[in-house]
Every structure is written in C-alpha cells, then in structure tokens.
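If you look up TrEMBL, you'll see B:32-53, B:74-104, B:110-132, B:139-163, B:183-204, B:234-253, B:265-285, B:292-311 marked as transmembrane segment. Look at TrEMBL and you will find B:482-568 tagged as domain 'Strictosidine synthase conserved region'.
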Amino acid sequence: MILDPILDIFRGRAVTIPPLDGAFRPNTRLDDAPAFAELSEPDNLLVSGDRLIASSGNAIYSIGVGAAPVVVETFPSPVRALALSPSGELTVGLESGKLLIAGKEVALSADVRCITALAYANDGTLWLANGSAEHAPSQWAADLMKKGASGSLWRRDAASGAFRKVAGDIAFPYGLHPIGKDVLVSESWRHQLVRFDGETGNRSRVLAHLPGYPARLSPSPDGGAWLTLFAPRNRLIEFVLQETHYRQDMLEQVPPAYWIAPALASSRSFLEPLQCGGIRTMGIHKPWSPSRSYGLVVRLDREMQPQFSLHSRANGTRHGICSVAEKDGRLFIASRGGDCVLAIDLASGGF
Amino acid sequence: MSFRERLQSWRYNLVPDHLVGEILTKRWTDNAIPFLALVVTLATFGSVIPGFFKLTSLQESTRQLGEFSMVVTGMTVVMLGGGIDLSVGSIFALSCFSAVYVFFILEQSIWLALAASIATGLVFGAINGYLVGYLRLRAFLTTLVTFIFGRALFDILVTTYAADVQLSTATSDVLDFIGDSTFWGLSVSVWLAIILAIVTHIALTRSRPGWHVLAVGGSRRSAHNAGIRVRRTVFMTYVFSGFCASIGGFLIACRLSGAGPGTGLNLEIMALTAAVVGGVSLGGGRGSVIKGLMGAIIVLTMTNGLIRLGYGTGTNQMVLGIMLAVAVTIDIRWLKNRHKVLNEVYVAPVYLKMGATQSAAPGSGTPYELDNRLSAADHIGLGELEGPEDVILDRDDNLYCGTRHGEIVRFFAPDYVRSEVFAHIGGFPLGLAFDKAGNLISCVGAMGLYSVSPDREVKRLSAETSRSWTSIVDDARLRDPNDCDIAPDGRIYFTDSTKRYDAHDWALDSIENRATGRLLVYDPKDGSTKTLLDGYRYTNGVCMAHDGKSLFFAESWACRVHRYWLEGPKAGTAECVIRDMPGYPDNINRASDGNYWMAWLGMRTPSFDLSLRHPDMRKRMTRRLPQDEWLFPNINTGGVVKFNEKGGIVEAMGDLPGGAHPMVTSMREHKGYLFVGGILNNRIGRYRISGADPNWTSPASYWGARP
C-alpha cells in the first residue's frame, strides 16, 4: 500500500525473517537419524585419520563405531574450537582464550579472547576466528543481545609463526572455510557468509539472508562445504533486538537461560519464554511453531550456494548443531541441544 | 522504580487507549469521515462567502438540493445493490422534457405532465434494469450507453421544440406552487426529497425488498444461494433510480418552466460523487440513504460555493473529480483495512509490576515446588475429547466435561471408556457445577450461564448483567463466563473474566492485562444477575468454602486468590488470601481433607513478567508481529496446588515434561481420585491421591447425602 511508508513511522514496520523454503525446505531427517554416540553437548567435530574426534566440555573425546566415547585429553577450561594441521597437529582453542597447538600454548594477541573457530588452509596457514572482543565464547547470547560486532579474523602463516589480524568489526565470526588464499567466514549475528581476501582482508558477501545463525563450516570432499546453523532466526527475538529498553532490562534482570534469545535447546524449563505458536494444543507441539532452538545443517555447493538441508524442527530434539564432519560418505553431526552425535549415510540418504 | 518506568505506568494506566479500539468497533464510525467532511465544507463556505446561510440564498440552494438529493437517493439504492447508474443525468433531462412537452406544447394538465415524466423515468430505468439485471451486462458500460443515447435524444428534442415551448401560454397554479412557493417554510422539492428519503430509508432497513437489495450488493452469490431473486432485485434498483431521477426532472421543469441544453448536465458525475463522498461503498452492500444525503449536501455546497466565489465550470469539475478520487480511495482502503486497523489498535496493554514470587522449580524447596506426579495419571477419552476445561462427577460417579465443540460429554462409570454427548449447548462450556436438584450448571464461554437438567433440557439462566455507565462497548453482555459455584441458598456465583475479549481470545487478554474481570451472582428466585465485584485481572475459578459462608475466586493474570464473604461482618467484601504465586490460577474446587484444589493454567516467566512492565513493548509487539510469534506466559506447564482455608499452600504437583497435562485448567476430587482437565488438552487425567478419603464426593459435600 502506498501509504505504508508514512504509516510505518507511527506504527513501526512488521518484523520479518527469511522463510524456510527452497534449499531450506524443512524435513525431519535429523530427528529420524539414529544417534551415533551419546555425548553431553558435543561441540566441535573433527576427523583425524580413522578417528572421529569431538569436543565436549573440558575434554576431547574419540568416538569409535559401537563404543562409548573415550576421553583423549582434558583441559583446564572448556574446549571451544578444534582444528587439525596438514601435518597432523591437533590445535585447540579454549574458553579461557588460550590456544594450544600439539599441546603447546601459542602466544596470542591480547585482543583474542573468544576463539570460536580454527581452520588450516592447505598451505599450512592457520585461520582463527575471534567471536567478540568483549565476551567469552560461552557468553555468545549476551554478545548477540548487545548487538556486538567486535569479532575479528586472524591468520598465522606457516612460515612466520606469528598471528596477524586480517579484519575486524565482524558480528561474531563462528565458522571458517579456507578457499585457496581466501577464507569463507560465517558472520553469525548478520546471518551471512562472507569471503575475506587472505592478504588485504577485503570482504565480499557470498550468501546472505540465512534463516538462522550460522555456526561452523566444514569441507566436503567434492569442493563444497557443510554449513551448520546453530539456532533459527525468530521474529520475536529480532523484535526484542529492536526494543532498547526492554532488552536492557532483560539483560540486567533476567537470568541468561530465560532470555528471549536464541538457544541451543529449549522447552526444558517452564521459566523459558513461550511464544503463542509454541503452545501445546491437543497434545501437539506444532513443528512449524516459532522456536528459540532448531537443528539445521546445510549443504553448500562449490559456489557456496545452498543445495539442500537437514532439519530438526521445533518439536524435535536434535537442536543446536554447531559442527559436522564428513568422512567416507558419512556425515557426522554434533547436536549440542540433543546431547548426541548423529551419523547420516550420504550415499543412501536420498539427497 | 526508574523515572522512565514511572512515566510508563502513568502513560499506559491513566490514558484510556482501549477506548479508541472500542469506538472503532462501532458501526457508526463509518459515518464519521463523511460527517466531518460535511461539517468542514459547511464551515468553510459559510465563513468564506458572506450571507451563505441567509434565508433567500438557502431557499434557492435547497430547491436545487431537493431535486439533486432525489437523484442521489436513486443512485444510492443502485449502488447498494452493487451497481452503478450513469444515466441518471439523461433520464433527469428527458423526464424534464416530457413534462415540459406535455404541459407547454400539448397543453395538458400538470398531473398528466407528471405522469409522462414518471413514465419516462420508469421506461429508461427498466431498460437499464433489464440489460444489467436480466441480461447481466456490465452496469458501467450499459448505463454509459443509456446515458449517451438519452443525452443525444434530449439534445435533439430540445433544439426541435425550444421555440414552441417559449411561445406556449400554458400556465398552472400548481406548477407555480411547486416551482416557487414554500410550504411551512420549505419548498415542495425539499418536502418531496425528505419524504422519499424517509420512505427509502425505512424500506432499506426494515423491509424485505430493502434487505434483498443490501444482500445482493453485499454478496451476489450468497444472496442467490439464500434464495433471493437477484436479477429481479437488480432490475428493481434501476427502475427505482429512474423513478427518482424522473421526479427530480419534473421538479426542475416546474422550477424553470422549461428545459434547456444545460438541464441535467454532469448530473451523473455529481450524483456519483455525492454518493461516494457520503460513504456509500462502490462495491455495494454498504451505505445508507443518510450517507447519500450527506454527500449530496457536501457536493452541492461545494459546487455552488465555488460558483459564488467566482470559479468557472472547469474548476468545479476538477474539484468534483478530486473529491471523487479521494472518496473512492478512502472507501476502498477503509473497507479493506478497517479490521486491520481495529486489530492493531484494539490491544491496549497496561503497566503492571508483578510481585516477586517464590520459585516453583523442582528442588527449590518451596511449597510450590512442582514435580512429575501428574505425568502418571491415567487418561480418559484420549484423542476423543477436545478441550475439557472443567470436569465434574455426579452422584452415580459418571464424569462430565465440556468440549470446544459446545458439547457436554458424559463418560460412564466405572471405567470411563464409554461416552455420550450429554447435551449440546454451543459456545465453549467451561466451569461446571451441580445444583441441589441435580441440574448441571455451566458457564459457557461467549454465551452465558446455562443449566442442563438431568433429562438433558438446556436452559439459559443468564447472558447479561447491568451495564456500567461509562462503558463504550456494551459490557452488560457476558463475554467470557468462566467458572461458577453454587451457594447453599441456591444462588449461583460465577465469574466473567474479561469485558474486552471474547472467550476464545482469552490469551489476548493476558497480553493486554487490563483489569476488567467480574464476579457476578445469579439469583434463581427472580432470575436476576448482579455484578458483585469488578476490576480484576481475569477472574477465573470460583469455589464455595466448606462452610458456605464465603467463596474463593482466582484472579489469573495477577496470580492471586481472593476470598469473598457472603455473610458475617465482612459480607460483600473481598480480601486477597494468596498473592504472588509463581503460576496462573484457574479453577478452584473442594478437597476431601477440608482444603482446596487449585489448577495452574501456566507458569510465570521472567521475560513475560518483565514485559508487563513494558506496555509500550507489548503494544508494538502486537502490531509488528503475527499472533503466533507473540510472547506469552508459559502455559505449556501447569499444575495442581492444594491450599488451606487460610491461604497456606499445602502441596503442588505437576507434569513438567508436559506429555500428558501441560496446561491444567481444572481438577475435581472424587472417591480418592483426582480428575484433571485442560482447556487445550485432548484427555482427562485420573490420578489416585494417596491418603484421600475414598468415600468423599463433591455432590455430597455440597448437598449432603443422597436424599
């Protein structure tokens, strides 16, 4: 309607989010998949030789077929990022802001306190995503609700051994996918994938208007990639992000677990916020209802465009997926909200 | 409390925003825009043109207005029937010529001239009506053709006979009287216009043919399906329009004693503008004669005023065109968006700071601590039932509940497998109670208080109370009767939760949080209903105390339980006995151990409590988000709480995973079992209470052992 721009000044614009359509069309594939292993809040997955490595809490586990996860190593603070160098050195980022390469601590700039992702390029360059300059990785929700955009991207050349800041002012970089000299970064709070030039740090948007908050990226053997989205976009949350006073009061007075904010799992306590569509009616929790948590893994093709996706919908439990790893035609999926690692056979998956 | 918060509380609690929405629900707001336009037009030209309201000036204007408003009345009727008549100008002119021809050239009586005039109008109206109504041609094009044809015919006739008319010597007192004199201060044309308007108004609003016209205009297909003869109705509207135009033509013939090339020129545009500006919808079905008349006055004042200010015909036409464009835009936009505007404006949240509460979380150690006991309840009617808000058992252990289909379902003892529809009431049966004679009394959401006798006869007891003086929306009507209970003397105490929303929109009331809940009493002796208390935030469950001297009632959105005294020193007053609970209370019922059961329909969440202190945020939320996305109290977890006579909490139980009883709206103890209902659930739960009296029943507790 032609009068809308004028009326919007008085009544405010409707809050909208991208629909789950096209490559994002919902399915229940994540909830249908069998649990490969039970693990509390598995965060980062990695394939090392024949083993599948997962981080959970302060420890790193090795998961084999048909056996309970085995602790490989424990750390003084929770593990937040994992990577494996081309020469096989396990690289670990901790909640405390420390970076360990093959067990040895590496000196970092004082600005790096929130390691969210690590990745090695083929030439041995190590990329590091620093989610926020103000918050630790576990305080990501506060960073989002304070509209943080203080993340930065760092690189360490295999030769020099020192970290260099490539770009700053990124709204929570949460995933890294090196492409040649460049790197693809998932910028979570802006719901987009951005490609950064490896030398100059110039950025170009590759994929925008994602229906969720993107988390880690992991390579696929055919040159494509897997993108995880750890939480869905929600119109109420986007609305609260525009409500300055309410948001400030909420940050000050409400415990973080009960914020109107994205979550890795939801409906666990009656103190959590509820939206009208999420009301259980006649014993049914509608799968399309608005939710603070969701499970979503997206397959990207060589041009980094979405091909198809795997879902756990509002009534599912395999929510909060931050990392996947592909190995020998199987996709391993770590669901932090569902406390399990899933395995999906890609060959027979009907994709 | 911060200064900003204090300002918010003043702004949203003292300024009555909700009145805007309530006024918009009134049908008469449709008239407001044309009426304002009328006042503005009159005021503007009245002040700009000196002597605009002088009697002589008015006399001439009103004569013109009389003729014009008749044409507009005809046009209005056609438009109400879903059509349009562009040929009124040419019918008007031809009727004028017919009268002039018969009177001046044939020198017949004035009455014959009138008859000729009317005949002309009817014939042309019938042609239009036949083409549009029976042959179903497009109204716009058809009447455009008749307009061009009629105009051409008139031009030929006028030029042919102009000289003859001039030379005629025919005179008539009647003609002079109609054309020049006044009767009780008003000219004949005005009198006729008034009479026509009144008759048409009555016909449209109070007669079968009038209703048919409105029905056809509103929805042609529905009218056809309802058995209305659509084609004939459409035909008749054009004939009527032709008739109106012909009377107008006759009157101008009398006034000018002749017909000239300018007679009826541009009349169709003026009449159309008048009708649309007045608020008669182009889409049909909406409008009234009064609106048409308002439009006629606006248009005529405007055109005459502009002429007297010295503007030419061109300006006049342009102003008419602009008015038509604006009116059409407003008409279409308003019609299309009225309900949207209403939806956006109606929810008017208020400020409330909820008191701090004890935790109900498992492991918190408070008396409110919820557990998972209700998950273990057996289910009755799983999948068959939809929405048993309240449950009750009779002396023979049969179980009754309401459903969202408006039925009372009875499950047969002892296993509650077999069920039947006990009675169909309609609405949404909520609270239930048995009276002494065994009648089942039910508060029916959106309807009122009903009684179902043991032989299934449904009787309405009450659907209204007295209206309060300051209400805009009629608050006498019971919108959300919620729960009832019966005093020993037979009087039925019941709650009406909100005046602002209908029963199915109860959730909206929680967002708004305005205190409009009432406690009422129905007296079976004289059938009267009285309001006892008003101004609570969603009054809900009612329960007579064990001694029958007071009653408890729940105030849901404030998380409080009050006690209302029926007798004793505090009779007629209420006191709060439980405040600041962590859950929202629903129905209350007696327990066998002398305590009371209370259902919790949902739990308070910190985020929603905080939003109650941000009414501006809630208001924007209702405007900018669809309802499914709105923040709500957490009604996916409820519970059952037992409290004692003094308001102390004895115990609480729940179903935290929510698989069986997420939202609990009622519970009833019977022979050692607790029967649990939920308005959004698809089952009734039966839970064995450990240590409860296995012989205690509610009917016996209220009315003694079986007589």
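From the backbone N, Cα and C atoms, a Cβ is placed for every residue, glycine too.
Three or more CB pairs closer than 8 A are found between the transmembrane segment (B:139-163) and the transmembrane segment (B:74-104), so contact between the two stretches is assigned (pairs 6 or more residues apart). Note: the domain 'Strictosidine synthase conserved region' (B:482-568) comprises 13 helix, 44 strand, 30 coil (DSSP; helix = H, G, I, strand = E, B). Counting same-chain residues at least six beyond the ends of the transmembrane segment (B:234-253), those with a Cβ under 8 angstroms from any Cβ of the stretch are 66-68, 70-71, 73-75, 77-78, 80-83, 85, 88, 91-100, 103, 113-114, 117-126, 128-130, 132-134, 178, 188-189, 192, 196, 209, 213, 216, 259, 263-264. Sequence-distant contacts of the transmembrane segment (B:110-132) (same chain, at least 6 residues past either end, Cβ-Cβ under 8 Å): 83, 85, 87, 90-91, 94-96, 98-103, 138-139, 142-143, 146, 150, 172, 174-175, 234-247, 249-250, 253.
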